[in-house]
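What follows is a short report on a single structure.
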Amino acid sequence: MKFEKKQVLNLVLLFVICYAIKSNWEMGSNVIETIYRTSLPFLYGAALAYVVNIVMSTYETGLGRLIKGEKYASLKRAISMILAYLTFFTLLTWIISIVIPDLIASLSLMLQFDTESIKTVVHDLSHNQLIAKAIKYAGGVSEITKTISNYSHQLLQQLLSVFTNILTSVTMIASAVISLFVSFVFSLYVLANKEQLCRQGNLLVDTYTGIYAQRIHYFVGLLHSRFHGFFVGQSIEAIILGSLTALGMFILQIPFAATIGVLVAFTALIPVVGAYIGLVIGFILIMTQSMTQAIIFVVFLVVLQQFEGNLIYPRVVGGSIKLPGMWVLLAITIGASLKGIIGMVVAVPLAATFYQMIRDNVEKKQAIQKKQVS
């Protein structure tokens with residue numbers, strides 16, 4: 001077999017690159033990590049700008065019907081931007097004002113949760129034959145009470161220790177405030193100049209990628225379509241689920257209806273598993289008032305989640321991301337293991353993008369094969 005000079009040089013170059021990467025792996029990973037950490041505020045700023053732009057575009061379209069003429073374009077952009085940020089700020093303030101007071105009150109009650117209270121709860125549950133057998137198998141009421149009491153106090157002490165460390169860490173707070181400010185300012189620049197940034201990006205792609213430019217434009221367009229559809233659809237679905245949760249709790253006279261409704265709506269922004277996170281937090285909140293009502297709440301929300309997942313979610317979100325449920329669950333699992341909650345949110349529209357790309361490619365190749373056969 002005869003090798004050309006160019007092939008040999010490429011092979012040697014590949015070996016040199018692999019050896020260089022292996023020899024300097026630790027230093028290279030440190031450099032990449034430093035660059036990543038430094039650019040995080042700007043990445044968060046760009047992400048914030050993308051989400052705020054969805055609301056800002058709606059305001060801008062509405063203002064466009066009231067204020068005609070290109071000479072007012074800057075004014076419409078400024079007003080729309082202010083209204084969009086005010087919308088998010090008002091929403092966040094409203095959520096905090098509803099949720100935080102009840103959370104603090106529930107934590108205070110849990111700190112006062114003594115042995116007698118735990119015994120009362122266990123006795124109430126033991127009326128059920130299945131639970132009574134489980135209690136007997138676990139060592140009886142006294143042993144369970146002792147175990148729950150020890151673990152609950154340890155858990156609460158650890159939580160308080162974590163909160164105290166966070167609040168007393170001046171450096172951490174200062175760093176977070178600076179990063180937040182940088183992200184906010186960067187998002188303002190991105191939103192104010194989004195058309196110019198898009199033109200510059202397209203120009204760079206067309207100039208330097210040559211024959212691959214069309215594929216890159218296709219990928220970016222598909223990515224935007226899936227992310228936009230996901231955020232809009234998921235937000236509508238979260239509002240519906242939160243409203244139904246609060247309404248059902250009011251009808252069933254379960255405490256913390258407004259608080260848990262808001263919590264479920266907020267956590268439902270995370271696809272599939274988000275509502276169950278709200279369920280766990282809601283169960284803990286209601287448990288401080290009544291164990292029976294806490295169990296009723298769990299049953300109610302599980303039934304509601306099944307109804308919402310089978311009837312509402314496919315119509316509101318399913319059509320926007322066009323990703324089967326199995327792949328949604330897989331994307332969430334991988335995203336959570338890589339980057340926690342942020343990874344879970346980003347993974348779904350990203351997976352939907354790649355799913356659509358593969359689907360389009362398969363359809364294209366099948367069409368070519370059919371032409372060749374015919």
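Cβ from N, Cα, C; glycine included.
What you see is a predicted model, and the numbers here were worked out from it, not measured in a lab.
Here is what TrEMBL records for this protein:
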TRANSMEM  44-67  transmembrane segment
TRANSMEM  79-100  transmembrane segment
TRANSMEM  166-191  transmembrane segment
TRANSMEM  236-256  transmembrane segment
TRANSMEM  262-287  transmembrane segment
TRANSMEM  294-313  transmembrane segment
TRANSMEM  325-355  transmembrane segment
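Within the chain carrying the transmembrane segment (44-67), a Cβ under 8 angstroms from the stretch's Cβ atoms is held by residues 75-77, 79-81, 83-85, 87-88, 179, 182-188, 190-191, 194, 227-228, 231-232, all 6 or more beyond its ends. Counting Cβ pairs under 8 Å to the transmembrane segment (236-256), the top-ranked stretch among 79-100, 262-287, 294-313, 325-355 is 262-287. A Cβ distance under 8 Å defines the sequence-distant neighbours of the transmembrane segment (294-313), meaning residues of its chain 6+ beyond its ends; these are 237, 240-241, 244-245, 248-249, 252, 254, 260, 264, 275-276, 278-279, 282-283, 286-287.
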